[in-house]
Amino acid sequence: MKRTLLCCLTLLSCPFLYADEDTQLRLNQSLDQTLLQEQRQFHEQGTIRSTEQLPKLQINGQEYSVEQNPNDLAKALYLAVMQKQWLKATVYLEHYKKYVGYDRALTDFAEGAVARSQGQLKLAEQKFQSSLKQQPHNLICELELARVLFEQQKNKEAARLFISIQDQLKQSDPAVIPSGVLTTVNTIVQALKKRDSWQGSVSAGYTYVSNLNSSSEQSKTWTLYGRDSEGNMIPVREVTRGTPKAESAIGLDYEASLIKRYAIEGHHGVALRALAFGQSYNDHATFNESTININAGYSYFDLKNQIGVSPLFEHKRYGNDGLYNAWGARAEWMHFISADKAFKLEAESKDLNYQKYKTLDGVESSAFATFWKIFPDQWTFFGGLDVLDHSTQEKYMAAYQQQGVRLGLSKSWSTGFNTTLLSSYRWRLFDKYAETFLARRHDFEQNHTFVVQMPRFEFYGMTPNLTYRYNHNKSNVDWLYSYDKHNISFKLEHRF
């Protein structure tokens, strides 16, 4: 019994129960920020008003009067759409539709273009498809429809149409279709291939840790009392408990992240996301640590939203032995508020099955909210809140609730460096009062991570990456759980 309690205390004093949260959050944050930066800017929206007087059409700085007849209005409407003069196009459209026998293919095309300019992509898609039904093989209309499909993340349909357009453009008359259009189409086709390709990163390098065993380097003494022959309380003996000296070590630090989405039809698809990270120390193998987290399931993408629901699996090793396996479920929703702002909600629950320490078996449920804002000059701010409930069979020293705040700032510098600063603050309250500590444990943990990527020194596809992390934990059970830790690593990273 005493040995079991001692092992349990030793185990619970190790930070692996919650210390890798920042690494996992940082890797996910990097993937999500990449998605945000890849989003295309929407067309500028404007208020459309009608007028009885026909505005003059402006082309290449010259103004042309438009007469009130169907021929003039049809030409002016088409040219206004192609010149992206949306207010004028709307006026021409209104007047043109008053004439009997107007060209429905033209008006549907114009209405689709105006709808696209306002961000109404579903309506734009319907109008372009209607126009093509009346006038099949209209290359300009096909091109606009393909763009709308691309912007709505309907990757499979967009790719099919763009490839067809590519073939037509190669055989078209440059006098009718400018050669620059083919260049644009080629660029979008490449973007579609990248969007549906495997993306991620892998990095490895050396790391130095100043307090590998997360020791407080403190001790505490208790006085045990008993009663004498007369029944009075007297001190019997003193018991001192303490933590070992902090150990430093040099080892291998490695990380990998991977995402892949398979478009099935329309907005629907299947997505995979996998993370792997850990550290290995030659002279301190008992502190080796690694984690693999995989989730794959249903994915919905459109212009403004990305939704995913999937099962997940996580495997963690500690000291070269399997620590636990976990199965669970994950749901996420990322909303692109505008071209420079995004918001994400995540929730997951996993059933932890420890291979040796069965009293730690339980369910961990968590929820995260994150906001991104891109500023001029390639500054990006992100921040978030998180809550977590970690329940275990052992209710006194391992089960807890946690609330956290995250703040971060990243910047791409013109000198060929990228920097990211991430800080997290967590408040952890354990479930019950523990007689062992004569306290109900509560911790305040803070982590500060600074990452410098050096693309200017890239060679053979490898980018140098320097990461510094400071971890501070303050506990009311100070002698056992309070500690400071510094970690610095230098890795080579390959992104694909």
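Cβ coordinates come from backbone N, Cα and C, glycine included.
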> When Swiss-Prot marks a stretch as transmembrane segment, which of 186-195, 436-445, 446-455 is it?
Replying inline: 446-455
> Per Swiss-Prot, which of 82-92, 159-169, 291-301, 390-400 is transmembrane segment?
Replying inline: 291-301
> Cβ under 8 Å to the transmembrane segment (327-337), counting only same-chain residues 6 or more beyond its ends: which ones?
Replying inline: 32, 35-36, 39, 295, 297, 303-314, 343-351, 353
